[in-house]
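Everything below concerns the one structure shown next.
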Amino acid sequence: MPLRLHDTRSRGLREFQPADPPRVTMYVCGATVQAPPHIGHLRSGLVFDVLVRWLAVHGYDVVFCRNVTDIDDKILRVAAAEGIPWWQVAYRNYRLFDSAYRLLGCVPPTVEPWATGHIPQIIALIRRLIDAGHAYPAGGDVYFAVRSFPAYGGLSGRDPDALQAGESDGVHKRDPLDFALWKGAKPGEPSWESPWGPGRPGWHIECSAMSTTYLGSTFDIHGGGLDLLFPHHENECAQSQAAGDGFARYWLHNGLVTLRGEKMSKSLGNVLSMDQLLELVRPIELRYYLIGAHYRSTLDFSEESLEEAAAAYRRIEGFLLRAQELVGELPAADPQTGLIDRLPPEFVAALDDDLAVPRALAVMHSVVRQGNAALAETDKTAVRRFLGEVTAMLDVMGLRPPDDGSRLDALRRVVDNLARLVLDEREAARQRRDFATADALRARLTDAGIVVEDTPSGPRWHLRDLDLP
């Protein structure tokens, strides 16, 4: 089955066919860096990380552009409140975003443009819109004339006549629906020279200029959170196509993260930061959790569901540990190219069906259960095969345990040392002929998942099948 993705514009699944295979061009709206990342940002970053990885498995050469919005009304408000330069706010929070993405195992973008580094390209695009009759200067600002573009609203499915006015600060607008491409300078705010006087770019025009600068006038995929669909992506699409660009061929949007059914927002005081989440689980377990729901669905966060996901991931780790104990080192991390032929067909079918990660994870756990059954039979050949499949699936989704074998070796040594302490105490009890204590210690180990075998050369232990139904 070919790869199919849900295209927001067509409101249905479409077979993915890049314009210039094997090259795939993809733009994802990155962070507006006025604050540290929260769980919603992290989910969006991980959704498109899985897509980048899966496209690579299909043999595509992905050019992935993710922007940084480093000048914005919100950034300026934070800077004013803290009494520091706007760029200091932007850079401080960018570093937190970058650290979070790296900690969660995201593939770095091919290019990561910053808005303020592309003022000439933004000005050039605004000039094209004015020349085409789709934008107009007014009072030092420049606005996009929404009603000059009849297709406006097509991406998000909105009727312009039913829309409310957008930006309230545009006193020079000809129409309440028009939005700013360029904002005239205000006292105390940063500004750049332009044909319309000093000022700074509007949010929407930044993304249009940066995406087409690096990916061309028409590119394959535009992604972002569902909260960006309107007005941001609608405005991007309208101004870009009004300027004569084909712009994005496929639009993908990930669902939001809620808390007890309520959208997370700073104003409600219910956002969850990276630091808060990492007090509960490890980064790899957080990654497993955030990609575990289908990307287009709403993810309603709870500590219980996070803990369940972490436990599910630890079951996979338990299999890896026991399999490594039997057959040796884990297989080396597999390069993405050519990997598709070594994955279970059901796993491939799941990800080809609009990145159905929940189904793909179900396949992985099924293989883990088969692997645990093979371990119980000490079938090295079968264990090695299942181990290869599981590690290949983990590699595809960026879920291989950190530090690979070295981490498992360290964990194995810790468990071995603890088991030996108890076994030494058990042996001392047996020497004293205190068999009740010896049996109780063995039972304690069994309850902890450690099976003890008494052999002529002394007691040996192995981990019981820790996979839960």
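Glycine residues also receive a Cβ, built from the backbone N, Cα and C atoms like all the rest.
Residues or ranges marked as Zn(2+) binding site by Swiss-Prot on the basis of sequence analysis: Cys29, Cys207, His232, Glu236. Around the Cβ of Glu236 (Zn(2+) binding site), the same chain contributes His204, Cys207, Ser208, Ser211, His222, Phe247, each under 8 angstroms and 6 or more positions distant in sequence. When secondary structure is read from DSSP and collapsed to three states, Glu236 (Zn(2+) binding site) falls in the helix class.
Among the features that Swiss-Prot reports, ATP binding site is placed at Lys266.
Mean pLDDT for the motif ''HIGH' region' (31-41) in this predicted model: 94. Swiss-Prot lists 31-41 with the feature motif ''HIGH' region'.
Among the features that Swiss-Prot reports, motif ''KMSKS' region' is placed at 263-267.
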Could you give me three numbers for the motif ''HIGH' region' (31-41), the DSSP helix, strand and coil residue counts?
3 helix, 2 strand, 6 coil
Counting only other Cβ atoms and using a 10 Å cut-off, which of the binding-site residues Cys29, Cys207 scores lowest?
Cys29
Using Cβ atoms only, which residues of the same chain lie under 8 Å from His232 (Zn(2+) binding site) while being at least 6 residues apart in sequence?
Cys29, Trp203, His204, Cys207, Gly224
Other residues, Cβ within 8 Å of Cys29, Cys207, His232, Glu236 Cβ centroid (Zn(2+) site):
Trp203, His204, Glu206, Ser208, His222, Gly224, Leu228, His233, Asn235
